[in-house]
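Participant: Dropping a structure here in C-alpha cells format, bear with me for questions.
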C-alpha cells in the first residue's frame, strides 16, 4: 500500500527525507518551486529520489501560466485561458492546445518527472484561484480545448489528471486559505461543471482525477474530496471512472473541516481517494505515516499511480528536436495575448 504523496524541503534530500521516502506507505513525491534552482540541480534531485525509491511517483503542479513550478531552463507554458484566443495571432487553436500539452509534458518527462497535475477542467466563472488556469467559462469549449491539450500530453507519454472535480470555478473563496462552499443546485452543477468531467471520462481521456475541497450542500455536507457520495456514488458508479483518485492537498484550509492530519487522511481514504497529498507540513505527513496501520483499513481501492516506463530522452536532445523548436515558438507567441489573473 503506497497511498501517501508528500514533499521535501529544498534542493536535495536530507537523511530524514531519504528514510521517509523508503517507507512502504509512501507512494509519491510532489515538487515545488523551492525544490528548483536550475535544470542540473533538479536532475540531480530526481536521480537521488529514484535511488531511494525507484518506483515512486514524482509529480508537480506545472500547468502553465501562473502555476508553473520550474522556470529557468524550461519553456514558459502559457495560461490555459490564452489558448482559445490564439486565432487572433494567426495560430490554429486546436493544434496550439495540443502542442502546449506536449511541450509541458515532454520537458518534465525528460527530467524523469512522471506527471503534472493537469489539466485544470474548472470553468472560469467567479473563482480568482482558478481564473486564467481554466480554458474557458463554457463547458463545451473546456471539453474541446482540454482534449487537444490531453492529446499532446499523451503523445509525450504523460498520464493526465483532471481537476478539480466536480468543479471549483463557481466558488469565490480560495480553498487554500478558507472554507469553500458552492450553493448552486445539483442540476446546475451536473449540467455545467460536471459535464466536462463526464465527457472526458466517457472519451477515456483521464487517467486520474483530483476532487475539490469544496462543499456542495445540494449534494453532501462534506467537501467533495471527503465525500463518499461524490467519489463512490457519482464518480465511480454513475460516471464509471476507473482511474486513480488523488486527494487535493490535505494541508489546505478547506480540508480542516475533517480534523487533524490522521483524521483528514482517514476521511479521504474512506471516501474513496486512492492517493492522498500532504504538502508543506512534514509533521503532518509523518503523523499519517505513523498511523499507517490503522489507516490501511480505510483504503477503498488501490488504484495507485507509480513511475512508469515512459519514453525518455535528455532535455538537451529534446531541445534539439524540430517539434520542440516549433512548440517553443508557439509558446512565445502565446505570451503576446493579454489575459487577467
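Glycine too: its Cβ is placed from the backbone N, Cα and C atoms.
Pasting the relevant annotations from TrEMBL:
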ACT_SITE  176  active site, proton donor/acceptor
ACT_SITE  248  active site, nucleophile
BINDING   61, 69, 133, 163, 164  substrate binding site
DOMAIN    11-291  domain 'Glycoside hydrolase family 3 N-terminal'
SITE      174  site 'Important for catalytic activity'
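Help me picture these features in the structure, burial and contacts included.
Facilitator: In sequence order, 129, 249, 252, 253, 254 are the residues of the chain that are 6 or more apart from residue 176 (active site, proton donor/acceptor) and have a CB within less than 8 Å of its CB. For the recorded site, residue 176 (active site, proton donor/acceptor), the DSSP three-state label reads coil.
There are 28 other CB atoms within 10 A of the CB of residue 248 (active site, nucleophile), with all protein chains counted.
According to DSSP, residue 164 (substrate binding site) sits within a strand segment.
Spatially close to residue 174 (site 'Important for catalytic activity') yet at least six residues away along the chain are 127, 128, 129, 180, judged by Cβ distances under 8 angstroms.
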Participant: Roughly how many Å lie between the Cα atoms of residue 248 (active site, nucleophile) and residue 69 (substrate binding site), rounded to a whole value?
Facilitator: 17
Participant: Identify which of the binding-site residues 69, 133, 164 has its Cβ surrounded by the largest number of other Cβ atoms within 10 Å, counting every protein chain shown.
Facilitator: 164
Participant: Enter the number of other CB atoms within 10 angstroms of the CB of residue 61 (substrate binding site).
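Facilitator: Here the count is 20.
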Participant: What is the average pLDDT across the domain 'Glycoside hydrolase family 3 N-terminal' (11-291)?
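Facilitator: Within the domain 'Glycoside hydrolase family 3 N-terminal' (11-291), the model's average pLDDT equals 96.
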Participant: Hey, what's the Cβ neighbour count for residue 163 (substrate binding site) at 10 Å?
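Facilitator: Around the Cβ of residue 163 (substrate binding site), 25 other Cβ atoms lie within 10 Å.
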Participant: Sort residue 133 (substrate binding site) into helix, strand or coil using the DSSP assignment.
Facilitator: helix
